[in-house]
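*Asks:* Below are the structure tokens for one structure; questions will follow.
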């Protein structure tokens, strides 16, 4: 017999208290990749201590980066690129690590990156990454599951994306930041993309149009170092707000960017909850009788796809009928079957999820990706009775100190070890 960890949740207790939002993982990862662009020292203040960040640091160390933690501050320096190959054993763990491709191409003139891995929901191609690098003048090819790129001059050109793409936009920005120049059309406008642009500007690149569909970037022949603070995590903040809503609790978030959460805050307000918003704080008080609503996940500033599963879990507790559509990842519904085990009434047809809210009950469930895991936690917190959530690995990729933070809000949760039968030889 082997042993795995499960999250044990005794549901039915409203979450109450205050919470400071951690920095955004989805902003930290491309900024970490951007550290490859300069030989100068970089200091990142308040970096999330998550498994995905550790994987990215392992990859950067393989490529030549030296780093050291000082509390939650991270010091990095890449005097030289020691390898231009990002191996499968690291890239296969996390899709975001694919972003080092553009940075390697800019700094070393070539980059070789294995097919990305990470959360297995829907079809998430890298065609827009390839299109961008080719439009900028790189030679790109794929062989045996590895993507290769090479350049003979600084990359420059005009990239017209087929659709807004966060990863593709970030890849192109990194590829031209060191001596190149580009105009990106249909660029992603997400806060994490804007944060990367601000970081590149700190290093010496000229970036215009951040937060708009047309971004212009002019790289510098040599980038400098600097100190940077990463934006707060809007997905973590949204998860805790939805957990407070599902448990009919109250919550104050500090160190948050409310303007990054407009779509969610509007839904919660329309659902009947009370909200007060300041420059960097949100006060939330749940109504005991919330109303259902329609969720349509879209590109920013629309409703975030990463909050769609968590919102689904909340709506499963709201009397009445709600509907959920994901325009980013239309098949992002790995959480539906597990929520059904807790008594949720969910009907998926033609990629439209209909949710009939009711009181949930505890069950043994399994997280199949990061945000599906967040959805199960929210459902379990609101449910009657005990739940056990397998797949703690996914939760630890997306939520720092989740158990301790929920306990601080009054939740009855703890991690425990569970025996697992091992496969026979």
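First residue shown is number 1, and so on along the chain.
Just so you know, glycine gets a Cβ as well, placed from its N, Cα and C.
Okay, these came from Swiss-Prot:
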type	residues	note
BINDING	25, 26	phosphoenolpyruvate binding site
BINDING	95, 124, 125, 126, 127, 128, 306, 328	UDP-N-acetyl-alpha-D-glucosamine binding site
ACT_SITE	119	active site, proton donor
MOD_RES	119	2-(S-cysteinyl)pyruvic acid O-phosphothioketal
*Asks:* Which residue among the binding-site residues 127, 306 has the fewest other Cβ atoms within 10 Å of its Cβ, if you could check?
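*Replies:* Candidates: the binding-site residues 127, 306. Fewest Cβ atoms within 10 Å: 127.
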*Asks:* How big is the gap, in Å, between the Cα of residue 125 (UDP-N-acetyl-alpha-D-glucosamine binding site) and that of residue 26 (phosphoenolpyruvate binding site), rounded to a whole number?
*Replies:* 18
*Asks:* Please report the distance from the Cα of residue 26 (phosphoenolpyruvate binding site) to the Cα of residue 126 (UDP-N-acetyl-alpha-D-glucosamine binding site), rounded to the nearest angstrom.
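*Replies:* The separation of the Cα atoms works out to 17 Å.
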*Asks:* State the count of C-beta atoms found within 10 angstroms of the C-beta of residue 328 (UDP-N-acetyl-alpha-D-glucosamine binding site), not counting that atom itself.
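*Replies:* Result for residue 328 (UDP-N-acetyl-alpha-D-glucosamine binding site): 20 other Cβ atoms within 10 Å.
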*Asks:* If you draw a 10 Å sphere around the Cβ of residue 95 (UDP-N-acetyl-alpha-D-glucosamine binding site), how many other Cβ atoms fall inside it, taking every protein chain shown into account?
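*Replies:* I get 19 for this one.
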*Asks:* What three-state class does DSSP give residue 128 (UDP-N-acetyl-alpha-D-glucosamine binding site)?
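*Replies:* Where residue 128 (UDP-N-acetyl-alpha-D-glucosamine binding site) sits, the three-state DSSP reduction gives helix.
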*Asks:* Which site among 26, 125, 126 has the most other CB atoms no more than 10 Å from its CB, taking these as binding-site residues?
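*Replies:* Sorting the candidates by Cβ neighbours within 10 Å, the top entry is 26.
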*Asks:* Restricting to the chain of residue 25 (phosphoenolpyruvate binding site) and a gap of 6 or more, list residues whose Cβ falls under 8 Å of its Cβ, or answer none.
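*Replies:* Set apart from residue 25 (phosphoenolpyruvate binding site) by at least 6 residues yet with Cβ under 8 Å, we have 48, 50, 52, 53, 233, 235, 398.
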